[in-house]
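Participant: Grabbed the feature section from Swiss-Prot, which reads as follows:
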- 148-189: repeat 'PFTB 1' (REPEAT)
- D484: active site, proton donor (ACT_SITE)
- 513-558: repeat 'PFTB 2' (REPEAT)
- 590-630: repeat 'PFTB 3' (REPEAT)
- 609-629: transmembrane segment (TRANSMEM)
- 639-680: repeat 'PFTB 4' (REPEAT)
- 701-742: repeat 'PFTB 5' (REPEAT)
Amino acid sequence: MWKLKIADAGGSQWLRSVNNHIGRQIWDFDPALGSPEELAQIEDARDNFARHRFDKKHSADLLMRFQLTKENPQSDLLPKVNIGKIEDITEDAVTNTLRRAINFHSTTQAHDGHWPGDYGGPLFLMPGLVITLSITGALNAVLSKEHKKEMCRYLYNHQNEDGGWGLHIEGPSTMFGSVLNYVTLRLLGEDVNGGDGEIERARKWILDHGGATAITSWGKMWLSVLGVFEWCGNNPLPPEMWLFPYYLPVHPGRMWCHCRMVYLPMSYLYGKRFVGPITPTVLSLRKELFTVPYHEIDWNEARSLCAKEDLYYPHPVVQDILWATLHKVVEPVLLNWPGKKLREKALCSAIEHIHYEDENTRYICIGPVNKVLNMLCCWVEDPNSEAFKLHIPRLYDYLWIAEDGMKMQGYNGSQLWDTAFSVQAIVATKLVEEFSSTISKAHEFMKNSQVLEDYPGDLSYWYRHISKGAWPFSTADHGWPISDCTAEGLKVVLKLSQFPAELVGAPLSAKLVYNAVNVILSLQNIDGGFATYELTRSYSWMELLNPAETFGDIVIDYPYVECTSAALQSLVLFKKLHPEHRKEEVELCIKKAAAFIEKIQESDGSWYGSWAVCFTYGTWFGVLGLVAAGRNYKNSPSIRKACDFLLSKQLASGGWGESYLSCQNKVYTNIPGGRSHVVNTGWAMLALIGAGQAERDPVPLHRAAKFLIESQLENGDFPQQEIMGVFNKNCMISYAAYRNIFPIWALGEYRCKVLNASRGQMKT
């Protein structure tokens, strides 16, 4: 049976940590574990998912729930609340619902204080891992038979009915997803006609849609290193860009960190034209994936091919001209003497930056794509290197298993982020005394996860921002500082500092609080907005150079309503508790941030959310940011428009239900069938409550509360519905804890700020 291990080094001599691995979550298979009843429960969950996989594509993260709820059994479970009419919503009904919800949520808290969970969703991550392990000869050493079995289960479970795979688990089939996952299954040992016909159906989809020459640029790169595509069929990724002077707007150091940290190792592999061992499987794949014989493929034509199913961001003409010039003129010079000397210098610079990233994330790396690319680069440089060995145990940090199988996550988890939201949700209920143990553990995790030092060396040389005092998205070992994670972390420690230490634990020291404020103040852009990891370093026209056909807005770090609002809210709370510390800077930052939020509001009153689905999420942040800055419904046209927008989207069930299509199409779209979603409903309620909706007409809030109460499951959990996270406009990602966090938070605010105040106004 699989077992989730928390804060565990697994006895590896190759693991490094700044805080004794707090927050680390890995799955380990032990054949001796599991009673017959437990094993049957897991198999039932797997069978149930497989039966309904085309209708419900998101797992409910049941393996983790089975384990942790057994390790942390609930106290006496209160009976489920049933509501007939909204008049039946009493304070007792809401409080019982909250107690049931927090009780359950507390049972899924890990012993180190964080909430583990599924952060999967994208379907292009695991192929890079498997291709890298195959090339380096480490596949069987790293992945056990059980790992491979669960990975295959996952891929078959998320194969679409037409035979292909999407960019993410809910998406339509794409060439990128279909080719890479087909290759992954073959490398994992599946036969060319294996999987009860699924392999054959996948191959048919690929060939019917033009074959692998039409895969996206990232796919072309992965196939090239594997030996199933020629490098001359790729658009250039010259590592010489890293030698440009930094004052040029196109310098990679000015790009969004995720973008540059992916293209850094890609440029190293491209610059070396590295190709892995040509195995029988590789030779077979050359025959399986293309519509013409491999030796007849026009690789120059293939450079610019992309299947229409994948084309979210078509290349502008200027980009095609640039790639053609680099390919036909510049690259031939750099591959031969004397230009080869410059190429060697560029490769040395690239690998130096790769090692810096590896060492300062304890070999976790910023994300799963550059993690496996960096690992491959270390092996290419020296197959016997210590760097390559240090990479291997950190692969497990990215693997997660649920009833749908084993997946590769979009980060090494969302530990800090989910914990920060969980604490704020429970605090909002005013039931902290009842759940002080849960809050105390979470508080310790928050304190243990703060980044305590800046990156070593000259930060400008490594293109890094300050990090001392920040909070990361996942763990301190990961360590990349993020604006909204720092803000949410700061909000938590400030809120908990107002409770007795014997109830929630000792507060964070003022010095460490000030360090966090320093990071937040340092991240505000001239326009008042906050981006993610760093300041916005270049211009939006740089997006013309975005070579990734699948993703939008990836080249620079844009400012976002979510990051700006979180920073603003944290500083308003800080100012209240520490009114004299950097008073003028804090006040100016708040003022500029509020103005930025107002400026980027959509004409219909919404805000576009870039990190979750979508307009309900963005509008929650937009409204709460303005309210924190002193705006209200009466004095702010922005808040009035936002409330009108949200109320116009409320469904007959009383809830809100927004489809991921809102993100990619930038138009509000309901979930098919007009279904409400507990997470969207939570966000909308929080925004409306914050904007004073209860004072004007509480009925929409009562209807929404009724929907949430009725949605609660018998055990206090809430149902897993459609996927709710997103990045780069077009790719969805899972936040398994959101279904617990936001109903708790919304009902908590409802109980304390709406119910009693509006009881006399309630209507049918």
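The backbone N, Cα and C atoms fix where each Cβ goes, and this holds for glycine too.
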Participant: Below 8 Å Cβ to Cβ and six or more residues apart, same chain only. Which residues does that give for the residue listed as 'active site, proton donor'?
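Facilitator: Residues satisfying the criterion: F530, T532, Y560, E562, C563, A566, A567.
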Participant: DSSP three-state call for D484 (active site, proton donor): helix, strand or coil?
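Facilitator: The three-state answer is helix.
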Participant: Based on DSSP, tally up the residues of the repeat 'PFTB 1' (148-189) by helix, strand and coil.
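Facilitator: Going through the repeat 'PFTB 1' (148-189) residue by residue, I get 23 helix, 5 strand, 14 coil.
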Participant: Report the DSSP secondary-structure composition of the repeat 'PFTB 4' (639-680) as helix, strand and coil residue counts.
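Facilitator: Here the numbers are 21 helix, 4 strand, 17 coil.
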